[in-house]
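Engineer: Checked TrEMBL, it gives:
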type	residues	note
DOMAIN	1-79	domain 'C2'
DOMAIN	103-212	domain 'C2'
TRANSMEM	312-329	transmembrane segment
TRANSMEM	357-374	transmembrane segment
TRANSMEM	457-481	transmembrane segment
């Protein structure tokens, strides 16, 4: 169907005049359903050589059974094969499914059907554009609506002053705007920069007018291309609907009851992107394919060492709060600050004596943290962050690798060097993954008698712990735990404790690895 090609396995039994396949395929279609489904039966006449023996063409616009549930059976129908033997037919089961939403973008940018507000965007102008940018224009996309401004010729400080509106169906969506330099058909339109604005970050009925930095990655470095001035405002039609949207699933029901595999979903999304690019290329004025691909981030899944480092530092920043709390607790346990340790002991004793205060105090602390952070809330809309993207510190070799084609088109010695570097990084990741698996397997094998002596000790400790907890009041147990973890430094040993030593001696599958 169009550029979408699917191939079945050889019919079973092989060599039979009545082969059976029993395979299901999914294709992306869009209104007004101009494509045709071509089903061809081929015979293998040699290694990698096939000869068609029959074909049937079915218009997508022809009546189909509408099926919005994969569990509901769909009736089959026989179709006559053209150019085949007289009376040859093929049995097909077809349905037009409208319950899946496979758009040209990821689910984070997807829209729903019931409008809850209006998004107004004013594309005002740009300034400080880089040298060589003389014919700029802006493309904006939100949901299924694409907008292109007029191209201003021979200027580095364009003023478009255009206003566009979109219906908002879900505040957890993103509007994407990008600036390009029109090459007048001589070459591909040059990328100037991109801006994304998440609707959820906008305060209702507030007008945001500011400049956004435009940056473009090249094979050698990050280039600052100028600034884009936008005016953005979100107006809510119904507050109850907007607040209720936060509790609804992001995708339609079929994505959860009968999910499509991630690999298949990515393929269908790629085909949808190709379909959108073809249609926008026929619009007036036409949008080049490279513009559509840049707007839809088609290269977001390709390997990039720069993105890998950026994601790693994002994870480190995510766990930095937990690490800070753990270090603070460790300092409290080791009496680095005696005043803080004494205060923690007093608070802990109060909670032990009055356990009903534990949950209210915990929630009250979270409320105080949220209220305190209100003073530091973002006042302006976020923009593309070069530091967060690890673009400013990226080595030119890393950027050159990121812009390489697939398969690689660079010389063999450069590809070999990059492959060796990737093997080195993968080796460290492999070691960390193996260590994590070892620690988990030790805990998993402890009750399974892989080490009979260790499991016997573990079972005896469980029996003793169960008896002690049954005979001892909860407050006494809590106070004993407090005395153990918050004991002064002169009662501590510099060697690892018994539990740590016991756990490190447990067996794992590491001994069985080749």
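Glycine too: its Cβ is placed from the backbone N, Cα and C atoms.
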Engineer: Can you tell me which parts of the same chain pack against the transmembrane segment (457-481), counting only residues 6+ beyond its ends and a CB-CB cutoff under 8 A?
Structural biologist: 348-349, 352-353, 355, 446-447, 502
Engineer: What are the helix, strand and coil residue counts for the domain 'C2' (1-79) according to DSSP?
Structural biologist: 0 helix, 29 strand, 50 coil
Engineer: Under the DSSP assignment, what numbers of helix, strand and coil residues are found in the domain 'C2' (103-212)?
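Structural biologist: Once the DSSP states are binned, the domain 'C2' (103-212) shows 6 helix, 55 strand, 49 coil.
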